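A short worksheet on the structure shown next.
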Amino acid sequence: MMEKKEGSHNHEEKTKGGLITMPFIFANEVCEKLAVVGFSANMISYLTQQLHMPLTKAANTLTNFSGTASLTPLLGAFIADAYAGRFWTITVASTIYQIGMICLTLSAILPHSRPPPCKGEQVCQEANSGQLAILYISLLLTALGSGGIRPCVVAFGADQFDETDPKQKTTTWKFFNWYYFCMGASILVAVTVIVYIQDNIGWGWGLGIPAIAMALSIIAFMIGYPLYRNLDPAGSPFTRLLQVCVAAFRKRNLAVVSDPRLLYENEEIDAAISVAGKLLHTKHIRFLDKAAIVTEEDKLKSSSSTPNLWRLNTVHRVEELKSIIRMGPIWAAGIILITAYSQQGTFSLQQAKTMDRHLTKSFQIPAGSMSVFTMSSMLATIIFYDRLFVPVIRRFTGLDRGITFLHRMAIGFVISILATLVAGFIEVKRKHVALEYGLINKPNAIIPISFLWLVPQYTLHGVAEAFMSIGHLEFFYDQAPESMKSTAAAFFWLSISAGSYLSTVLVSLVHKLSGGPGGSNWLPDNNLNHGKLEYFYWLITLLQVINLIYYLWCAKFYTFKPIQMHRKEEDALSNSKEEEVELASHV
């Protein structure tokens, strides 16, 4: 994307952005997350208690929705990077999300949009196809809205800091920490106040308040428009990647050149996609270099300034594709952590519903609010990381950010392994108490064991997210090509999508394959006390251990993108060529 320029107002445009825009962007993020989490945190209760879905079907509905909502960011990122720009993509997507929230709220208010309530011990009537259609349409609209919001908000916020300005460069990585902090703070309100309203006042208000919050987020975001540093879309990044592939395939029979200086360069056609700097040639995936080899045919068919990009590409465009390919293995490593994290909103929540959740004799914490411990630990870890950990570690590493994002992610992976390992042992303890008190055959009975036993697993998941998820987001934004920042954020959400879908597949397979005589199952639909949920947690633990080994191998051989930065200081013009080349390896 290119920064917008308006003739005589060019200097004024360049002064836009910076910290002054953060209140509007963060206000949008806080309200949007309050809406998203406000209706999703306790949705398992809505599906099972209001629509009377079986547990496994409800769990899979939620993970499928989460997966779809994390898949649509690819579409939103494409529209933002290629056509509409981030501001208008966020605005339109937020409006679509608002419509979905209104539909969902109306379905909770209108009696005919859900099955009649259960009476006594009678078999509950499941929602009919029409009632489910309303639910699925509402979820689809919110998923489409999320597709435009999720990849663009974080990239739009980071856009407000000019990385070519050394004074602002170090502010970018801090932005990710505080972006996640504001997001976590709003989630904390959602899983306490909103969930309490849903459980104790009603789903009409419980979904209506998040819908109102979403409307406020749109207003707050649009008010800040005059202050934003807006970047023009630079054309479809997916088209450029495809052009490199086609050009390299067409020249597959050519020999790879030994001297990269012979490869095609054209600063004029790359100007829109290399505002901050030009990607330098790397020696990896050399087959793609063939797309930048100039042949006699290229010279004949191309004009002096604009070649046929389906036959000939610049080194910068080839390196864009290489960067995306190199990011792939690290991206894939984040999937299984999301699978582990997903269980908090399904099976861990069902565990909490069977336990004593009283804080006092008259007040008990709603099961849907258990993630308050995840959010609290995540927020505390972010503050610790930014204010204590980074300043101390910086003295030893010399890095502005303390440790690289690859190291940060590795720490998160290890802590996530501990979280699911502990979760299995807690489930063993819960069932032991149920057996001791003769409640093993009473699925709706409250077992005399405190919900505080679940706090360690929720807390560890929060700490893991503060390290891994923020590190993952930093990695995508830092290592993605300049013109693909929204797409990079979409890759982050795509890993969440894949993790959610993997959770659905894993739950379905375990439910099917673990079924035994007499209806026994690791993940039973009607009575969690008869299941082997601890085995399921430990299966995820084993998968995470394998994934950690895979990640460490990938991180060891990862090559950071090399970039020649365009510096802002005037005295940089007098510097030597070597000083102008900055390898953005952040080692």
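Cβ coordinates are placed from backbone N, Cα and C, and glycine is handled just like the others.
According to TrEMBL, the protein carries these features:
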type: TRANSMEM; residues: 87-110; note: transmembrane segment
type: TRANSMEM; residues: 130-157; note: transmembrane segment
type: TRANSMEM; residues: 178-197; note: transmembrane segment
type: TRANSMEM; residues: 203-228; note: transmembrane segment
type: TRANSMEM; residues: 324-343; note: transmembrane segment
type: TRANSMEM; residues: 363-385; note: transmembrane segment
type: TRANSMEM; residues: 405-426; note: transmembrane segment
type: TRANSMEM; residues: 446-467; note: transmembrane segment
type: TRANSMEM; residues: 488-510; note: transmembrane segment
type: TRANSMEM; residues: 535-558; note: transmembrane segment
> Among 130-157, 178-197, 203-228, 405-426, 446-467, which stretch has the highest count of C-beta pairs below 8 Å with the transmembrane segment (363-385)?
Replying inline: 446-467
> Looking at the stretches 324-343, 405-426, 446-467, which one shares the most CB pairs under 8 Å with the transmembrane segment (488-510)?
Replying inline: 324-343
>> Cβ pairs under 8 Å only, please: of the recorded stretches 203-228, 405-426, 535-558, which one is richest in them relative to the transmembrane segment (446-467)?
In response: 405-426
